[in-house]
Amino acid sequence: MGSSSSTQHHFAFQNAEKAFKAAALIQRWYRRYMARLEMRRRCTWNIFQSIEYAGQQDQVKLHEFFSYLVDHFTPSSHHERDFLNRMFTEERFAQDVETEEGGDFESIEVPDSYTGPRLSFPLLPDHATALVEAFRLRQQLHARYVLNLLYETRKHLAQLPNINRVSTCYSEEVTVCGDLHGQLDDLIFIFYKNGLPSPERAYVFNGDFVDRGKDSVEVLMVLFAFMLVYPKEFHLNRGNHEDHLVNLRYGFTKEVMHKYKIHGKKILRTLQDVFCWLPLATLVDEKVLVLHGGVSDKTDLELLAKLDRHKIVSTMRCKTRKESENREEQKRKDNQTSSGQKPTPWFLPQSRSLPSSPFHLGSGFKAYKAGRSCSIPCGSPNSKELSRRGQVRRSVDLELEQCRQQAGFLGIREKGESLPLAPDADCVADGGGVLEPTPEEWKQVVDILWSDPAAQEGCKANAVRGGGCYFGPDVTERLMEKYKLQLLIRSHECKPEGYEFCHNRKVLTIFSASNYYEVGSNRGAYVKLGPALTPHIVQYQANKATHRLTMRQRISRVEESALRALRQKLFAHSSDLLVEFRKRDPDESGVITLSDWATAVESVLHLGLPWRMLRPQLVNSSADNVLEYRSWLDSLAKEQLSRENIQSSLLEKLYRNRSNLETIFRIIDSDHSGFISLDEFRQTWKLFSSHMSIDITDDGICDLARSIDFNKDGHIDINEFLEAFRLVEQSCLEGHASACLQSTDTAESGHSSPGPC
């Protein structure tokens, strides 16, 4: 019996040992599997974010390019000055505001056939609820009600302080929501899950209501309606996308003009004014600060509370003060003119190398950008520097004016008539006054709308976005101590889980647009604050399709979308990549190492991605650890050409520049009609030709416009604009090929070649 019992124990021990080993093996496999999935998820996330931030940098560069042109162009008439003002500031004349406030929307008739929601003011809770239901059923609000709602919203916002105060004493809880970006499904889901706004349920929406999503108009209308119904319980903060210049690139302007073709211009003009009146931050129980982006080491809540926020029309363009002319500087400029030299602003080199296009910026533009009085990064000039620049600028304007008069281009101005200033000098205020935000005020607003937290100590310029700052834990700690705060809630950044704590849990990022990059890419979230101010976070996925996917399926789907976008980015820079590959192939063997491939790709795209980890998804495996780069570039071209029947080199240009071209089109289309008129084309061409030494008559400009107007309807639409760009690129490529062939023939005949093609 004893022997039998010991044998049974021995076998039981062996079985248990095998079971433990099997469990450990399964656990190890599972952990490896989950680690690989997490690595894929993080790489995918980095791809999406890098491409998004690269687009923001392109927006800043494009705007700087147009600012460069406008800042060095003196209009020859009030008509030209008004056009340039509309390009960037959409000047709000007092008489327009008075007309709108006087009920201009009442002249818009609502037809009997209209079946959408109807509004009457003052709004009641049932009106706002009906609006949500109508939008859920994909009904559209009539332009009359849109304008009426916007006018009432503007009147309400104008009465609010820059920093709203919310107390949990009057509401059971305060719900803070982050970016929505035109995703109506997320807004409806929040109301469904958390409840509609009420006196017991306060809401704070933390900016970025518009752009990127397809329902930005509907999101705005719902938010504005509930704010009017519950003015004490429903609060809105301004985000960096509540900006008409940002809207030109990211879709909101296009959406408004598509949905409201007749009254879209008036709606956009009113929205620009409404955005300027949005409060900048919200304080909950004086302990929790809610703002869109973040803070900097210079953030001053007292200054933010008392500045005139309506002056900040756009955070993309700082408006400097007008200064009196400097006589000594004027005398020096006059001497230059008498000697036949063209006046050059002080911050440009005397050779004045001008940018030929917003896609290839020259040294002159770089010097200009380095010397601009107000650019988006952290630093800002002092008052003496601004004064000197204003004086130089005025002297240049005077000097150019004299040149025009001497050349007979302008009639003698009437006595007392002032010289026109460049459009960034001022913005016309109600009553004819001048709105002049100081650089310090402008920087305060830029910092709270554009900044991001960082793990490193200190505060530095946010070069990734092109605006605001990176602020470290020490900056957060000093702000908390100074204003006796316990939590900073911000948005502005998409997070995989919809939220993220940092800086010792004193900074909370909330992002409410789920599936932001792709279906399944991220969750949305909102945070609830009770009297104890303990954050309670709720996560969600507004798209039901993601609920049926496994984690592996969801990551694979998002990864495929990210890699497709990355391959498009690589194809758009094929020419630059080929140049870099050749530098690393001195023997012209046609192959480079995979390590050189990764280095070359990063040097061209500057996306900061882990290219060696992404290599298996982008490059076919090679036993020799080398890559035939020409065949790889050809494979990228074939993938894109399968979707577009266009020559590879031309398609590359369109892929690279389409967003910039569409933004340029909307900038030139200053009245938001969806077309470039002959007058808009003429004024823009004068702007370019004046700085590129191109002599062309008005008849020549008209002929050029007619050549672009392919369907001869009297104006240029976006398709004609892009087609003209394609044809110009094609002719340039054909001319380049012809020049190469000619230089080759010359070299073969024994003569020296003028240089490489």
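Using N, Cα and C of the backbone, Cβ positions are placed for all residues, glycine too.
Quick caveat, the model's predicted, so the values are computed rather than measured.
Among H492, H503, H536, H573, only H492 appears in Swiss-Prot as part of the Mn(2+) 2 site alongside D208, N240, H292. Same-chain neighbours of the Mn(2+) 1 site beyond D179, H181, D208, judged by a C-beta within 8 angstroms of the site's C-beta center, are, in sequence order, G178, L180, G182, G207, F209, V210, D211, R212, G239, H241, S491, F511, S512, A513. Residues D179, N206, G207, G239, H241, G293, L449, W450, S491 surround the recorded Mn(2+) 2 site, their Cβ atoms falling within 8 Å of the Cβ centroid of D208, N240, H292, H492, which are themselves excluded.
Cα proximity to H181 (Mn(2+) 1 binding site) (within 10 Å) is found for the following recorded positions from N240, H241, H292, D669, E680: H241. When the binding-site residues D208, D669, E680 are screened for a C-alpha within 10 angstroms of the C-alpha of H292 (Mn(2+) 2 binding site), the residues that qualify, in sequence order, are D208. Across the structure, D669 (Ca(2+) 2 binding site) and D179 (Mn(2+) 1 binding site) place their CA atoms 28 angstrom apart. The separation of H492 (Mn(2+) 2 binding site) from D179 (Mn(2+) 1 binding site), Cα to Cα, is 7 Å. When secondary structure is read from DSSP and collapsed to three states, H492 (Mn(2+) 2 binding site) falls in the coil class. Reduced to three states, the DSSP call for D179 (Mn(2+) 1 binding site) is strand.
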